[in-house]
Ligand SMILES: NC(=O)c1ccc[n+]([C@@H]2O[C@H](COP(=O)([O-])OP(=O)(O)OC[C@H]3O[C@@H](n4cnc5c(N)ncnc54)[C@H](O)[C@@H]3O)[C@@H](O)[C@H]2O)c1
Ligand SMILES: O=P(O)(O)OC[C@H](O)CO
């Protein structure tokens, strides 16, 4: 098998889909990109520029855009699905008649489906029953990739062929593709970090400092790890690019759409106004609701997700929520070293006047 892929399909005409399509074309593949808007497709083919989502960057002319699914998928060895989570299953169903079992299907989407709390690669698996399924996730702001800034991502799949072919299709001198076999952990990390990016944007708008941002990101990582463990996932994955790596970038950059929604909320906009002003999808808004509800259902302690939910959906002012969170339980730093239950037990003993026992904890 040669190193180079001949045909790559990208479903989705947004900024990330466009950036990845251009990399695959730079690497020598003929790339077909599916988007639903025929006028935008024609303009991309004419001007080699996606004026709606990445107006300032040239697209490799070997990317051909089309709203014809059959044309886009014919002969594609790799199919990248870059469609927001709320439309993901619908678009996969539209693609289904033209998909072939030998094709490699990879989700790039960092979101969760409400029904069944499904991640996108699980939808790919359910809808197709194919075996070459994977995800890519990591600190990957599309605009920076389009600028050819040095960037790394993770391809995660339990199928070695999928990992290798994605590394071949997308790896280049400015885009490095690391491999993982923890598909669920990598995909969950990408979805969860969006919640905390909203919180970080909000904190920045409220004038909070770098200590605060560092606290927020670190406690976010603890919360993500706790949720992962409760769902049987490996929290070690969150030490990598798709966990802490993506958390850092989205909690620090105003290029992140989730961060921008949070910032607008911190400035006093309503959620509807913040989302409308963005004009693109911020997956975290929906993810906060789903994760907060799941955490409650499963008894997972997630004070940040809970607090953010109350700000977004129950009208609690952001500054008031920050104060409440600071008055919450003072818990363990790293729960894998000192379990949270041990800290709580020690607190109860001291409060009951049993300090000797507390010292032994
Ligand atoms: N933009 C980034 O920096 C970035 C980076 C990494 C991952 N992602 C993830 O990739 C996913 C896609 O992101 P993006 O930035 O390319 O998308 P985007 O939000 O810029 O645009 C999404 C694309 O999907 C299309 N779309 C939306 N609903 C549709 C429907 N019902 N039918 C057909 N097409 C529909 C839109 O028209 C648009 O072309 C996101 O969910 C995000 O989590 C984005
Ligand atoms: O713009 P966002 O907030 O969807 O974030 C984009 C990517 O997920 C960053 O890795």
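Heads up, the Cβ atoms here are built off N, Cα and C, so glycines get one too.
Where the annotation comes from TrEMBL, it is an automatic prediction and has not been curated.
Here the structure is a predicted model, which means the values were calculated and not measured.
For the NADPH site, TrEMBL gives 15, 16, 36, 53, 110, 257, 281, 283; the one candidate out of 142, 146, 222, 318 that the record lists there too is 142.
Residue density at residue 193 (active site, proton acceptor): 33 other Cβ atoms are found within 10 A of its Cβ, drawing on all protein chains shown. Highest Cβ count within 10 Å among the binding-site residues 36, 110, 257: 110. Taking a C-beta cut-off of under 8 angstroms and a sequence separation of 6 or more, residue 258 (sn-glycerol 3-phosphate binding site) has the following same-chain neighbours: 194, 195, 197, 198, 201, 250, 282, 283, 284, 285. When pLDDT values are averaged over the domain 'Glycerol-3-phosphate dehydrogenase NAD-dependent C-terminal' (182-321), the model yields 95.
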